[in-house]
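Participant: Dumping the structure here so I can ask a few things about it.
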Amino acid sequence: QYSFKEVFGTLVVQKKLFDVVAKPLVEDLIRGKNGLLFTYGVTGSGKTHTMTGSPGDGGLLPRCLDMIFNSIGPFQAKRFVFKLDDKNGVDVQCEVDALLERQKRDAMPVPKTPSGKRQIDPEFADMINVQDHCKVEEVDEDNVYSVFVSYIEIYNNYIYDLLEETPFDAIKPKWNNCNTPVRNGDFIPPQSKILREDQNHNMYVTGCTEVEVKSTEEAFEVFWRGQKKRRIANTQLNRESSRSHSVFIIKLAQAPLDADGDNVLQEKEQITLSQLSLVDLAGSERTNRTKAEGNRLREAGNINQSLMTLRTCIEVLRENQMYGTNKMVPYRDSKLTHLFKNYFDGEGKVRMIVCVNPKAEDYEESLQVMRFAEMTQEVEVARPVDRPLCGLTPGRRFRNQAFREELSRKLEMRGGPINGEREEQSVSEMFLQNFPPLPSCELLDVNDDQTLPKLIEVLEKRHNLRQMLSEEFAKNVLAFKTMLQEFDSSVVSKENYIQGKLSEKEKTITGQKMELERLEKKIKTLEYKIEILEKTATIYEEDKRNLQQELESKSQKLQRQASDKRRLEARLQGMVAETTMKWEKECERRVAAKQLEMQNKLWVKDEKLKQLKAIVTEPKNEKPERPSRERDREKPVQRSVSPSPVPNAPPVRLRHRRSRSAGERWVDHKPPSNLPTETVMQPHVPHAITVAAASEKALAKCDKYMLTHQELASDGEIETKLIKGDVFKTRGGGQAVQFTEIETLKQESPTGRKRRSSPSNPDPAEDAAESEWTDVETRCSVAVEMRAGSALGPGYQHHAQPK
């Protein structure tokens, strides 16, 4: 869903569309404000029909012209009173100069037919036959108006003048009977025009033909002449598809009358020039649907590019307005947006008519068009301030007309020029009254001698007066001749002086014209260079944007790779630490096992050697009978240590085995399945917490751990192992035990074999004393604490491998 200020159905008439959309723009034009009207949409959606209309039902353009001339018809100035210059300005001329311009125009070889006698072309007569007679209310009657029209097109981002006179149709070349184009050496193809900026920073097209028109018919004839030169082509979507953007410009010049209300005020500052631009945009199209190729494909690319630039400018204006940014609007990327830059900057009102074709095939393009058109409604531009008033009294025109009518009426009542003759006669009569009056000339008597002398005297006086007047007149004539001669001489001298000055000025003007031509050529060259530099800058900016995007993507990729590398390094470090710890424990375990194995082998060898030595050195006498194992078990406390080989040796003092870490806190883990041993040597750990099963609470209070483990040895005896370890805190808040050493406590029972000396008749006392120390098994029944590899025997084993 899209929202617009007004939505028209498929059956809407041209008058309703004109009243809603274009009529306010025409009212603003006559009040001195600028306006711009777009028709926008996909190809074949009816843009040209909306702008031009059809026979019997004129479109927006003829209705705008008709409303303008209906409003200013009685107040139009004569031709050439307003004269446009080549810098987007307007000058005002007096009636005499305008008359000379009209005479020059009438003296041309092919004189133009006056608009009143012009025959309307029947091809478009029905389009301008508008019966509505719409006009603007409250037109300033003290102003005079003139209308100028021009017609241009923007084709492939180049501007061409459609009203420019060419030898023949430049768009459609002549063809001969052989179906080949005719070569014409005199033919000059149409030249593209250049955009420039005037002193008020308004954009205009230099060298563009601007025609002064005085009626709707004359203006639409000019439009139709240019419309025939517009580029159209047949595509898959439209039989007469516009291949260019056309711009019909209506300029309205107005200036106030002087204080008498008779002539135009000769002040350029009081001239107001407003313009209304009617733009028929070429339709956006997809080449895969139009099947365009060659020139059609190139044209479609330029059309879509200019429309995309228009959309980009609107989006940047909207962003600057909504977010307060100051981004540069890319007007110069397209001639279309560059020409109407002032409208987007606030120099007038802009209206856009969105044409939509309800065909299902145009669904996607129509959505894009309506989305863009809806976004343009959010852009607001500042409105220009109205021009100040000239300060003259309003109603001058009608007062002057009333005065003239009254004067002519009185002259007719008085007889016209007869009054002038009477005035001349009265002047001559007054001059004759200065002479003496003539006396009566009637003679009644022959002898009358008074009448004639009196008459002679009066005539002599008159004659003398006449002579005096003649002499004075002659003197005056002579003085006047002298004055005329002096005046002629002074005039001649002044003419010579003026001629000299004029020749100097003409030389100066000629030099300035040559300088102007040189500067114009230089300006054209610089503008061409500027255009090339702008294109180069655009290419460089595009490359810069692409490189920045590539740099950003690569930097993001490098950051991702660095983060992946850091995660991999951390993971590898954890794996390496874990593997190192694992292998260290495995190596320690293997080394400890190997040392245990080697110590066991060494002990076995030592035991064998000692037994062999004892057998070799033992005397042959009988060994005394030793008490049985059962009695030893019944009385373990009364068992004595085996006597030393030396007689009367002191007995061995019994003592408990103490831990080397008596100052530390221990966890003594004794499983309930262990059997009590009746050995003299018992493990004793002070300050120990004795538990039947390992618990986290007990491990948290201690820093050493000892496990008492029992297993059955190969000879059927119970072997007790004390497994020691260190308690560590883990990262998760728990406790871990690392085993460091193992102590083994083993009890052996003596066998029935006895070692005796070799003599056959031994002495009983000697035998008894010898049996006390030669009974190896009896001596080995008592455990002795020892180090691994010592010479004390294998009674008690202690092996450890510190970490």
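Backbone N, Cα and C atoms are what each Cβ position is placed from, and that goes for glycine too.
Nobody curates TrEMBL annotations by hand; they come from automatic prediction.
OK, TrEMBL features for this one:
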BINDING   GLY41, VAL42, THR43, GLY44, SER45, GLY46, LYS47, THR48  ATP binding site
COILED    502-578  coiled coil
COMPBIAS  619-637  compositional bias 'Basic and acidic residues'
COMPBIAS  661-671  compositional bias 'Basic and acidic residues'
COMPBIAS  764-775  compositional bias 'Acidic residues'
DOMAIN    1-379  domain 'Kinesin motor'
REGION    615-680  region 'Disordered'
REGION    744-776  region 'Disordered'
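Have a look at these and tell me how they're positioned relative to everything else.
Facilitator: If you draw a 10 Å sphere around the CB of THR43 (ATP binding site), it holds 24 other CB atoms from the protein chains shown.
When pLDDT is averaged over the domain 'Kinesin motor' (1-379), the result is 81.
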Participant: Using a Cβ-Cβ cut-off under 8 angstroms and a sequence gap of six or more, which residues of the chain neighbour GLY41 (ATP binding site)?
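Facilitator: Correct list: LYS47, LEU281, GLY283, SER284, VAL354, CYS355, VAL356, ASN357, SER366, VAL369.
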Participant: Other than its own, how many Cβ atoms are within 10 Å of the Cβ belonging to SER45 (ATP binding site)?
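Facilitator: Around SER45 (ATP binding site), other Cβ atoms within 10 Å: 25.
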